[in-house]
Amino acid sequence: MSADADTRSATEVRPGATQAGPAVGAQKDTRRDSFAARLRRDWPLLVMAMPMLVIVTAFWWVPALGNVIAFQDYNPFSGGILGSPIIGFTNFAQLFGDPQFIRAVVNTVGITAFQLVFYFPVPIALALLLNSVVSGRLRAFIQGVVYLPHFFSWVLVVAIFQQMFGGAGLIAQILRDHGHAGIDWMTNSDTFILLVTAETVWKDAGWGTIVFLAALSTIDPNLYEAAAVDGARRWRRMWHITLPGLRPVIVLLLILRLGDALNVGFEQFMLQRGAVGSKVSEVFDTFVYWSGLRTGDFGYGAAAGLFKGLVGLALILVANRVAHALGERGVYSRS
Amino acid sequence: MSKTKVSGLAPWEEPGSAAGRIGKGGVLALIALAVLLPLYTIVLTSLSSADTVNRAGGLVLVPDGITFDAYRQIFSDSVVSRAVLVSTGVTVAGTAVSLGVSVLGAYALSRPGTLFHRPILFCVLLMFVFFPGLIPTYLMVASLGLKDSYWSLILPSAVSAFNVVVLRAFFMNIPRELLDSARIDGAGEFRILWRIVLPLSKAVTAVIGLFYAVGYWNAWFNAMLFIDDTRKWPLALILRSYVVDSNPLPTATVGVNGFGHVAPPTLAIKMAIVAIAVLPALIIYPFVQRHFTKGVIIGAIKG
C-alpha cells in the first residue's frame, strides 16, 4: 500500500515509448517488455538491491513472521518455533490482565500526551525565535549549538542530567553551598515525567527546528512586505503569514507523532528505570524487555511487542487517513 | 537606506523595541548556555585534580589547574581503552557496511518501472510502519549464532529505511539524461553509480554516513542484549555501567590504583569517559553541519 507512495511520480510512464525503440528508447520505461528483456536490462539493479534485501529479510521479515511465537507456549529448548504448542490468544488474555502491562500502557499514553503539549510546540517556538534573529552569523552559531545534543546518545544525556540535577549534581551542590536542602530529581518518581520531557527538549528540540526553519524559508518574503505596507505589525504578520505557512509541516509532524504515539523513547526509559522505579517509568518497550526477555517468557513478551506493533501500524494508517481528510498531504500520498 | 542595510532589516521592517531585543538576546543566551554549560563543566571536571573536585564538592565550574590524570588512568586501564577500540571498530565497519548497502539499495530503487521495483520498495517502506519486535529480533540474532559476535552490533541495525529513502530521493533528482548519455557510452550500472551518481551526491552521502556513524557510536542496547563478554563491550555500554549506574566492572582496574580493590570510578574519571564519548561527534560535526538541512528535509518530505 505504501509502496504506491511515490512510485507514480513524474518519471514513470511515458506514452511515447510503448515500442522499444533503438538503444536509448529501450532505457525508458516499458512495462510491456517481456520479463526476460527486463531481466536482461535490470539485473545489475537487482544485484545492487541484494545486500539490502538479505539484511531486511533476515532482520525484519523473518522476525516479523517470527511473531507467531506470540501465539505459542514458546520454549527455545524443546521444540523452538516449529515444535512449540500453539495456545491461541492465551498470551494476549494474560497480557490484558497483567497490572504491569496496564501500567505500561497508561504510562506510555500519558507521556505521549504530556509531551504533545510540552514538547511538540518547543521546536516551533525555537524556530520562530531563530528565524527572527537578524544577524546571520549569530543565527548560524545558535543553530550549531542547539543541533548538537541530537548527536549525543541517551546514555550521555542521562549522564549529563544526572550530573546537573542528581543528588550529587551541580544544582544540588549549589543549593547546598547556599544553605538549602539539596535536590534529587533523578530518583523522584513524582517529577519523572517533567524530567524525561526536559531531557527530550534538551536533546531534540534544537534538531526539531530544522524542518520548521526550512518551511519558514519557503514563505514568500513579498507577503511580509505587502502586509507591512498594509499596516500589519510584527505579531500580526507572524499570526497571519508565518503560522499559516508552517501549517502543513505542523500537521504532518503532528500526524507522524500520533502514528508513533506508542514510542516514547525506549533507551531513555531503560536507562532510568532503575533509578525511579518501574511504577512511573514502565513503558511498552521496557515492559517487553523486562517481562519477556529478562524472564525468558518469550511468547508473552512477543505478544506484548506484537500488540504494540499492530496498534502502531493502525495508528499510522488512521493518522494518514485523517490528514487526507483534512486536505493535507499526509505521510504518503497516492498521487 | 544604508542604515537599514547595516542592521540587516528590510526597508519596510520596523526595528524591534529595545526591551524586545534585550529579551530575545537573553533567551538566546540562556539556550546556548543550557547546551554548553554542561559540556564545559564536564570537560573541566575531567581535567581537574582530585583535590579540585573535592574542594568544588562535585563538578568544577572554575578552573584551578589542569591535569590529564583521569585520562592517563583511563588509558592505562584495559577496559576503557578496549571499549574505545571496540566502538571505533564497530563504528567504522558498521558505517561502511550500512552506507554501502544503503547506497546500492537506494540506487537500485531510484528508477521506477524497473524489474521488481515495487515489491522491493514495498519491503523497505514497510519498515517505516511496523517494528517486528524486540523478542523475535533477539531470537533471530541468537539463532544465527551472532551472540557475542561484533556482527550482532552491526547487522540488525545495518539498514535504516529512512536513510535509504533519503538517498533514493536524492538519486531520483539526478537528471535522467546524464545517466542515459553515460549508458550510451557503454557504462554499466555500477560504473554509473560510482562515477556519476556518487560524485553528485557527496553532501547527502556524507550526512547519511554521519547519521549511521553516530548511531553505531552511541548504541549500547544491542551490546547489552547480544554481548555477554564484557571485554567486547563498546564505550557506550561502559559509560552506562560506570557513569549512569556507577558500577565498578568486575574486570576493571580503574580505581584499583592505590586501594588494591575495585572502587567505583571517581568523578573526574567518569567525566573523562563522558568527554571521550562526546568527542567524535564534536570533531565530525562542523564538517557535516551545513548539509543537515538538505538531508533532513528530503527525508521529511519523502518519508
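Note that the numbers count up from 1, one per residue, in the order the chain is shown.
Glycine is no exception: its Cβ is also placed from the backbone N, Cα and C atoms.
The feature transmembrane segment is assigned by TrEMBL to B:27-47 (among others). Counting residues 6+ beyond its ends, the transmembrane segment (B:27-47) has Cβ neighbours under 8 Å at 53, 56, 59-61, 63, 66-68, 70-71, 267-269, 271-272, 274-275, 278 in the same chain.
Residues or ranges marked as transmembrane segment in TrEMBL: B:84-109 (among others).
If you look up TrEMBL, you'll see B:84-280 marked as domain 'ABC transmembrane type-1'.
Marked as transmembrane segment by TrEMBL: B:121-144 (among others).
Sequence-remote contacts of a segment are chain residues at least 6 beyond its ends whose Cβ falls under 8 Å from one of its Cβ atoms, and for the transmembrane segment (B:150-171) they are 86, 89-90, 93-94, 97-98, 101-103, 105-107, 109-110, 124-125, 127-128, 137, 140-141, 197, 201, 204-205, 208, 211-212, 215-216, 219, 222-223, 225-227, 232, 234, 295, 298-299, 301-303. Annotation comment: TrEMBL describes B:150-171 (among others) as transmembrane segment.
Here TrEMBL flags B:192-214 (among others) as transmembrane segment. Using a Cβ-Cβ cut-off under 8 Å and counting only residues 6 or more beyond its ends in the same chain, the transmembrane segment (B:192-214) has close neighbours at 91, 94-95, 98-99, 102-104, 107, 160, 163, 166-167, 170-171, 174, 178-179, 182-183, 280-281, 284, 287-288, 291-292, 294-296, 298.
The transmembrane segment feature in TrEMBL is assigned to B:267-288 (among others).
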